[in-house]
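Asker: Take a look at this one; I'll ask things after.
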Amino acid sequence: MVLSQRQREELNQAIADYLGTNGYADSLEAFRKEADLSTEAEKKFGGLLEKKWTSVIRLQKKVMELEAKLTEAEKEVIEGAPTKNKRTPGEWIPRPPEKYSLTGHRASITRVIFHPIFGLMVSASEDATIKIWDFETGEYERSLKGHTDSVQDVAFDAQGKLLVSCSADLSIKLWDFQQSYACVKTMHGHDHNVSSVAFVPAGDYVLSASRDRTIKMWEVATGYCVKTYTGHREWVRMVRVHIEGSLFATCSNDHTIRVWLTNSKDCKVELRDHEHTVECIAWAPEAAASAINEAAGADNKKGHHQGPFLASGSRDKTIRIWDVSVGLCLLTLNGHDNWVRGLAFHPGGKYLVSASDDKTIRVWDLRNKRCMKTLYAHQHFCTSIDFHKAHPYVISGSVDQTVKVWECR
């Protein structure tokens, strides 16, 4: 590689600066003599050699990441990934690269969810804000401010008219999502970080889970706490309600998942097989029943397991799928190299997508119990994922402070 005269002079000055600032006086003197440099050190060369050196390493890392992405994209082309036209929507899965990478949050993203009706999505963050985006154009719409600490979870009611959020500031807030986008109620009652919230399908109650080891039910109309469910021995990480509304599930640092009857305070079943904190859960849609039954094994008579079925992701790096009616783990999915932080079923029921601290999103073929696609999604831990029920989109959030929109095809 040939340097121009000017580049050579600048390099010599930078070397001289490096030798001088690091105390190599004899070498500096000899170098100055041989390179014919003046003794006047110019300020602009201060620390230049180190800067160039570190930027080369940074660029090298970036090049390697881009090469990995390129290889992935080429593989897609070579394998002749069927186009949208050749596949049914039930077979569309998220594919790289992302359609949009949305920035604006000033801290880790804790949750991403789609609006049930409009072309909107919502992200919650440790920066204490909730942001609303148009996922079809990638445009930022607005921020909801009111929490004073990390927003841990957000959820819509079935019509998408109300949004509920919970925070490490111990509060739960209800927001009008039709016109004013104002906070219409704030509910207090938990003694520690509120980690998760969910509406019951009818929309008249909200459930919340907390680090205080309890789950509470709140009446939307009044904001009063009407029930407290106890049983978990440690931090309750997530609460998710079954679509029919009669059951809800929670998972905890105590390594268990509990399924509760909504209208009583009774725990229907406790699921224990994970070897570490259970971070996330997701109810399987009815469409997933046949794939899960097939995966459950040869001894399983066709349609033997009636469900409902629940998926769970843990810090033990595994994903498990359970038949809640009998309290049985039907299958275990292995592949992530770190904590599993988010789960979402494909609305068609054939696939499950997961987000992990290994920075990837994985697409699991349920019927064959295998990972069929890995997306190197973020620069840091992936914390949350959602699959749109009607449009071919997946969204993910990360500790890298970005929200990404992935198109399925």
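Indices start at 1 and increase along the chain as displayed.
Using the three backbone atoms N, Cα and C, a Cβ is placed for every residue, glycine included.
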Asker: Suppose you had to name the range Swiss-Prot annotates as coiled coil; which of 54-81, 222-249, 306-333 would you pick?
Answerer: 54-81
Asker: For the repeat 'WD 4' (231-270), find every same-chain residue at least 6 residues outside the stretch whose CB is under 8 Å from a CB in it, and list them.
Answerer: 153, 193, 195-202, 207-211, 213-215, 217, 276-283, 285, 308, 310, 312, 314, 322, 324, 327
Asker: Taking 189-228, 273-332, 335-374, 377-409 as candidates, which has the most Cβ pairs under 8 Å with the repeat 'WD 1' (104-145)?
Answerer: 377-409
Asker: Please indicate, using numbers and ranges, the residues of the same chain that are 6 or more beyond the repeat 'WD 3' (189-228) and have a C-beta under 8 Å from a C-beta there.
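Answerer: For the repeat 'WD 3' (189-228), the list is 152-159, 162, 164-168, 170-172, 174, 234-241, 243-245, 248, 250, 252, 260, 262, 265.
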